Amino acid sequence: MKRSFVDTATTTKTALDSSIVNKPVFLTKVHREELALKHRQDEIANQRRRLAQTTRSDLETDDNRDGNRNRGRDSDKSRDRDRESREQERRNRDREREEKSAKLEREKELNAMKEQYLGGSTKPKKRVIRPSEKFRFSFDWEITEDTSQGGNTNYEAQLLFGRGFRAGIDRREQKKLSAKHESATRGNENRRKNTSVDDKHWSENVKLEKMTERDWRIFKEDFNISYKGSKIPPPMRNWEESKLSPELLKAVERADYKKPRPIQMAAIPLGLQQRDVIGIAETGTGKTAAFVLPMLAYISKLPKMSEETQTEGGGSETVEEQGFTLSKGCEIVIATPGRLLDLLERRYVVLNQCNYVVLDEADRMIDLGFEPQVAAVLEAIPSSNLKPEKEDEELDEKKVYRTTYMFSATMPYRVKKLAKKFLRNPVEVTVSKSQDLISQKVMMVRESEKFWNLKKLIGELGGDETAMVFVSTQKKVESIVKNLEKLGTCRVATLHGGKSQEQRDTSLGGFKSKRFNVLVATDIASRGIDAEVAHVINYDMAKDIETYTHRIGRTGRAGKTGVATTFLTLEDKNVFYDLKRKLVECNSPVPPQLARHEASKVKPGTFKSQW
């Protein structure tokens, strides 16, 4: 076969290329090292690739094998668990069945033994009803179901016909029963007489022994007296029943005390028995005589003082002057807590022989921050003469015990705490509010309208009538007095903390003597002033209801009536709630604007829900 020129050329080219390839090539040493290093790296990469593929395939194989093995193992465990639970339930049922059957067998054996040794009860044979009895009429009840037996005693007494008694009645039994009935009837009549209500009023029972428990209850209700405590003596109805000495009764008569006041009726008998007393009554109710008279009775039993020491120390003296006076000895010390504590600390006064303590206006002292001083003074008094803590122990009449009187218009928590600490088994005497003698009026005004209303009220005063005007600050006192003096319609005096003691005495003395008919003062005059006041005007409302109570207590004293007028503004809403309650309690009119105000409906400090 002949070859073409193209094939021959191609073959020649291929042979030439192969000869070129097969021809040895000269390589340098560096070139040879690079080729060797590259060849070595390729081999290592290939080995790593083969090893990774082998490891991956082995892991996949192991995972498949482990998954199959775990699934098989879990299914085996669940089958075993189900089988075991079924077996356990079957065994429990079998055990319960066996125990029940064994229990029944034991009961049968016990019953058989009882019948064998104790004699078993034979079952009653069923009564065979005759054909003639099937259609016989019978009642629904039997003779054993008779309810009259035992319910009435007449059924129990059998008649004695034919046994020697006329009509079957035993006269001896009849007389015995009649006597028992008459005795019971007589006892009921006596009890009815003893417990019957006497129509006489307590005032008609002249003798004290004829006063019953009901009379004393009515007596205390008439005078609004209430007690808290044990072993309380009855109150005194008049001065003759007070058991005071003749000298004190003469002094009472000279002081023109015709009838004792309610607080005096209740507190004086307790003081004469050396009982600790907590008296709660408003100002102007006679609290001073209630503790002064028992105190004088106590002092009258002490040794008399020499004439040299019968001196009287007044106020506005230095500590040294008062200490010198007290060092001579005295029977009565009237002092403020701070000054008395100062004298004690300087050793001018020693209270070793003090056995009669009176805390007048206790709530006021606590409010003014004198609680530590009061406690320190009471702790300075020896406790050797304290009464026993147990109420059951009787007091020795010959021994002198420490008697503590505490009087207050209100009874806040801190006063109760102080009384609990220093008083032994006290009797709490409360005389209810007597403010029905005070006509309370509240006027809702603006600040600019106050003076015009004040001028109008002062112009309505009678010839001998006096008025007290209470304001909040000393500066306002001076401003009101200046404006009133310009009018020239009244005689004005001032009283506040910025005045000296001499100026205060002058103003107060002139007001009591009616040289001044109007006294403009701050809250310093709301307590401790016993003057005849016809009208109290609260130009500025008090900051709290307690101060308001003491302010209006300057009028309506000693059984006389009085008027209290208060100028109220919207800035006084903090006392709206308490003032409204006070007016409602005293049956005084409440202004519509005050009654409708939201502040009068919610106690200050409480949250009013919106829902």
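We count from 1, first residue shown onward.
Every residue gets a Cβ built from N, Cα and C, even glycine.
TrEMBL lists 57-112 with the feature compositional bias 'Basic and acidic residues'.
Taking Cβ pairs closer than 8 Å, the domain 'DEAD-box RNA helicase Q' (237-265) reaches residues 202, 208, 219, 223-225, 272, 279, 281, 285-287, 289-290, 293, 296-297, 300, 429, 431 in its own chain, all 6 or more past its ends. According to TrEMBL, the feature domain 'DEAD-box RNA helicase Q' maps to 237-265.
As annotated by TrEMBL, domain 'Helicase ATP-binding' applies to 268-429.
TrEMBL lists 453-598 with the feature domain 'Helicase C-terminal'.
According to TrEMBL, the region 'Disordered' annotation covers 46-126 (among others).
The region 'Disordered' annotation in TrEMBL covers 172-199 (among others).
Residues or ranges marked as motif 'Q motif' by TrEMBL: 237-265. Taking the motif 'Q motif' (237-265) as a whole, pLDDT averages 87 in the prediction.
Secondary structure counts, DSSP: the domain 'DEAD-box RNA helicase Q' (237-265) has 17 helix, 0 strand, 12 coil. Secondary structure of the domain 'Helicase C-terminal' (453-598) per DSSP, as helix, strand and coil residue counts: 66 helix, 23 strand, 57 coil.
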